Amino acid sequence: MTDKQRDILKNRIAVFFAWVAALAFFFPIFWMVLTGFKTENQAIAIPPLLFFEPTLENYTEIQSRMNYTHFAMNSIITSFGGTLLALLIAIPSAYSMAFNTGRWTKDILMWMLSTKMLPAVGVLMPIYLICQKFGLLDSRIALVVIYAMMNLPIVMLILFNYFREIPKEILEASRMDGTSTLNEIRQVVMPLAWGGIASTALLSIILCWNEAFWSIVLTTTEASTLTAFVASFQAPEGLFWAKVSAVSTLACAPIVVFGWLAQKQLVQGLTFGAVK
Amino acid sequence: MAGVTIENLRKSYGDIEVMHGVDLNIEDGEFVVFVGPSGCGKSTLLRMIAGLEEVTSGTVAIGDQVVNDVAPSKRGVAMVFQTYALYPHMTVFKNMAFGLMQAKTPEDEINRRVTQAAEILQITDYLDRSPRNLSGGQRQRVAIGRAIVRDPEVFLFDEPLSNLDAALRVQTRLEIKRLHERLQSTMIYVTHDQVEAMTLADKIVVLRDGYIEQVGSPIELYTRPANQFVAGFIGSPQMNFFDADDCNNANASGNITGVRPEHLTQVKSKGLISGKLELVEQMGEFALVHLSTPKGAMFSAKMPLPPTEKLGETLEFNANSDDLIHLFDPQSGLRISE
């Protein structure tokens, strides 16, 4: 075998494994979408059915039982609200940490990140009691604040790294130009780190969207998000696979569509930011 | 316009002092070049004048005003950075106008000033482009233009040419010189390139390890260097130094003898210095020959034509005149005045 043939073979093998991995990731999602269009009996049929006559019965039943749009709206408001709040706090903080790095900056970042190692259930009682005290149980505000705090360390860390990529001289030039700190962040740092901010925001929105623990614990009906909506389909008499699959598909769809749309923007933003 | 006065200026980072009580007076309209090897403190000094670096003690005054605690933008200075530091997300016009916009200058005034600066620097055609679509030389002009529109009392240049290729460097150097003639502003220029320093400066400040070694006109520094360091730093190729027992200088009396390569002439009889021919560099207009003294120290001489001798043979040299022989104290390195 020549070197060239060996290279081609290596390449083929790599591509093959990439496909296997990609399919392994995709299969559960594919199966979920498929199951959503089956009847309950077809859903639990053994051997599993790959070809069947699709039905929308699950979706109509879901919509008649609960108001999907209400939950979707809550998910949108809490994920975007939480992300916005996190960015509002993280951008100035990351700015000061990236451009006025001190002896303890790294330690502070690690300390912030270490809060992510704490199991959420560990702070369940205090947070529940605080929300109760302020009358924030089953409110979107509580979720927005908690989601923001939950994502803050990771958002800070990513932004910090993006900001550090900005050449220091550009900020010094803006200081020579007499830019105020606020204008420096708004007119120089943010446009330069736009790709980073956009991808961080997208990540944060996805994390908020998928969050289930706090949504289930702190809300009942008014502020419940799609994750609570999915959980509510767990009936005492057992799981109805077809219905749960349909519900899950509905819960995933908006964020998948949003991510797909944002991707183009994101790529644009990333290449724009890469220019020195 | 204004001069700059620096008194007993010190700078420390933690316990480490990098600037040890510098005094310097820069006249109004003067072109001053700070020169020295890496880490000598020339950039730090410039950045303290700009206000980008805090002053540990001592004072910096621009005109009559002590500016230690004045924000960079309020000092009446403008800076051109080595990396250009243009805003990549703004057009050339906006890059130049940004400072004026921050100062809430009226729009027609901004337009007037930017257009004028662009004409001076011949970048009018690029005003709508973004910096990434410009060449290095064009970017540097924009960076200079950004400084000009602010109409500063003092221009600060931090190694502005070091990112340009050789040909462009010479051209831009000329343009900066011309700009100074035209604007007559005070300009402070940092470089490690002594050729830039010699060609641009009215006054050169040679720095080493946070101390000023010598201040003077280029020709003063060239003809009467205050010490061995300045003698070696100014002039290219570098001045040759000989130990007292390694050359034939009757006046040396234990001191180090210094002669520039361009001031050595080959002689037939026993000269000031003899050397074994090691290498010949043919430069076209002259030949630079590298030799070794009897004690093995290397030195060089500029000759109009390559020597006829072969490598390994011994050549004799004299200084063109006794005025061109410098003496330095071997301990302190200080010049011994004749």
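Think of each number as a place in line: the chain as shown, counted from 1.
Keep in mind that glycine also has a Cβ here, set from the backbone N, Cα and C atoms.
Note that the structure is predicted; figures quoted are calculated from it, not measured.
TrEMBL has this to say about the protein:
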DOMAIN    A:72-262  domain 'ABC transmembrane type-1'
TRANSMEM  A:12-34  transmembrane segment
TRANSMEM  A:76-96  transmembrane segment
TRANSMEM  A:108-129  transmembrane segment
TRANSMEM  A:141-163  transmembrane segment
TRANSMEM  A:184-206  transmembrane segment
TRANSMEM  A:240-262  transmembrane segment
Would you call the transmembrane segment (A:108-129) and the transmembrane segment (A:141-163) in contact, using three or more Cβ pairs under 8 Å, pairs 6 or more apart in sequence? yes
For the transmembrane segment (A:184-206): best-contacting stretch of A:12-34, A:76-96, A:240-262, by Cβ pairs under 8 Å: A:76-96
Other parts of the chain folded back onto the transmembrane segment (A:141-163), taken as Cβ under 8 Å at six or more residues beyond its ends: 74, 77-79, 81-83, 85-87, 89-91, 93-95, 97-99, 109, 112-113, 115-116, 120, 127, 131, 189, 193, 195-197, 199-200, 203-204, 207-208, 211, 214-215, 218-219, 223, 225, 273
